[in-house]
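**Student:** Please read through the structure below; I'll follow up with questions.
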């Protein structure tokens with residue numbers, strides 16, 4: 001696999017068996033939005049491709065469970081820190097499951113690594129990289145000769161992204177430990193960690209050595225990732241990561257989507273209208289480094305492309321596909337899966353990979369038209385679809401449930417009742433009643449398919 005490093009601006013080859021990946025996760029004070037979803041889905045694809053390659057992947061995604069935003073939520077709601085963070089961690093993980101994001105090997109929470117954070121600050125203090133102000137302990141960026149080497153930023157152009165609530169030695173200096181009588185004891189005084197320190201301590205505790213890949217949204221490159229790299233370089237005496245990957249912004253109407261800009265589109269909002277697999281397909285449909293402009297029409301088109309995958313599955317009578325063995329050794333045998341894997345190994349070239357998937361589906365349908373009774377052909381296509389599902393992370397659902405998605409239990413019972421009435425009417429040659437029932441269901445966007453095994457129904461989503 002070759003990946004474009006955000007720092008070197010060139011593709012770097014991953015030529016080792018064991019791969020370590022750390023993805024910056026959410027600050028858990030609210031439901032996750034599509035920006036969080038895209039980051040998780042993009043780097044879940046990376047993980048799946050590596051696993052399909054036969055790599056052993058050690059994957060961590062953290063939770064920031066102590067932060068100014070969480071404290072503000074505490075003040076507004078009257079809830080404890082634990083009540084808020086537990087609720088939103090559970091909410092986030094529910095969203096990830098619906099999006100078919102594989103569970104990380106490690107899900108560190110910042111509050112579980114306070115001792116490690118204090119140890120890191122002590123190392124930095126010992127070597128003269130810190131100073132004290134009235135509100136906390138700060139990192140002196142002027143003492144780090146390589147500061148800004150990660151983001152290659154001109155500091156003057158990025159002052160607006162920095163915190164300037166106190167008079168620091170340098171505008172780029174950042175807090176390591178915030179004094180706060182409500183939190184943790186330390187030799188520096190009671191307080192809580194700064195955000196940039198949290199990730200470094202968790203990475204050092206879990207991986208111990210330089211990461212192969214550090215991933216996150218492009219908005220984290222500066223100052224968050226720059227400040228992480230500085231602390232690791234100065235405190236741990238090593239490079240934090242060999243490869244840095246950053247996914248592009250999710251935008252709405254051309255504007256970056258974020259909670260701070262009050263234009264978030266929550267994952268749960270999208271999931272009210274579209275199934276998780278359709279949303280996953282959509283979020284994957286442009287290259288991870290590209291900025292992603294959300295549009296309802298594009299999401300609907302992504303759903304139509306995914307429908308074709310499921311139509312082929314249905315034609316083959318291929319039911320639910322298990323995602324269980326993705327985390328274990330999986331062997332890619334089909335030629336199409338090997339070709340798509342080769343494409344994705346070039347910096348996750350998803351557009352080319354999905355185009356090839358579309359071509360494969362069209363070709364498979366043509367072959368089945370010509371050789372509808374060829375059992376070997378059918379089995380080969382089934383195996384290919386199963387392998388492709390595990391690589392892309394979509395296509396696992398039972399086809400009947402897929403095409404009936406979005407129908408409530410009560411609606412389902414009513415539909416089944418009407419189908420039985422229609423069947424009875426047809427038996428009695430009461431075709432006017434049978435046609436009226438079909439029309440009634442059609443008006444509710446339900447289409448009926450009469451088969452030798454009975455009538456089945458689908459929800460029309462377009």
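The backbone N, Cα and C atoms fix where each Cβ goes, and this holds for glycine too.
Keep in mind that this is a model prediction, so the values were computed, not measured.
The Zn(2+) binding site feature in Swiss-Prot is assigned to 24, 199, 224, 228; the stated evidence is sequence analysis. Annotation comment: Swiss-Prot describes 259 as ATP binding site. The annotation motif ''HIGH' region' is assigned in Swiss-Prot to 26-36. Swiss-Prot lists 256-260 with the feature motif ''KMSKS' region'.
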**Student:** Are there residues at least 6 beyond the ends of the motif ''HIGH' region' (26-36) whose Cβ is under 8 Å from a Cβ of it, and what are they?
**Tutor:** 63-65, 67, 69-70, 72-73, 84-85, 88-89, 91-92, 95, 217, 249-250, 257-259, 264-268, 270, 283, 294
**Student:** Quick one, of the binding-site residues 24, 199, which Cβ has the fewest other Cβ within 10 Å?
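**Tutor:** Comparing Cβ neighbour counts within 10 Å for the binding-site residues 24, 199 gives 24.
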**Student:** Fewest other C-beta atoms within 10 angstroms of its own C-beta: which of the binding-site residues 224, 228 fits that?
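**Tutor:** Sparsest of the binding-site residues 224, 228 by Cβ contacts within 10 Å: 224.
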**Student:** DSSP says what for the motif ''HIGH' region' (26-36): how many helix, strand, coil residues?
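**Tutor:** The counts are 3 helix, 2 strand, 6 coil.
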**Student:** Taking the recorded Zn(2+) site as 24, 199, 224, 228, identify the other residues of that chain whose CB atom sits within 8 Å of the mean position of the site's CB atoms, giving them in sequence order.
**Tutor:** 195, 196, 198, 200, 214, 216, 220, 225, 227
**Student:** Need the DSSP three-state call for residue 224 (Zn(2+) binding site) to compare against my parser.
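**Tutor:** Assignment for residue 224 (Zn(2+) binding site) reads helix.
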**Student:** Give the mean pLDDT for the motif ''HIGH' region' (26-36) on the 0 to 100 scale.
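**Tutor:** Mean per-residue confidence for the motif ''HIGH' region' (26-36): 95 out of 100.
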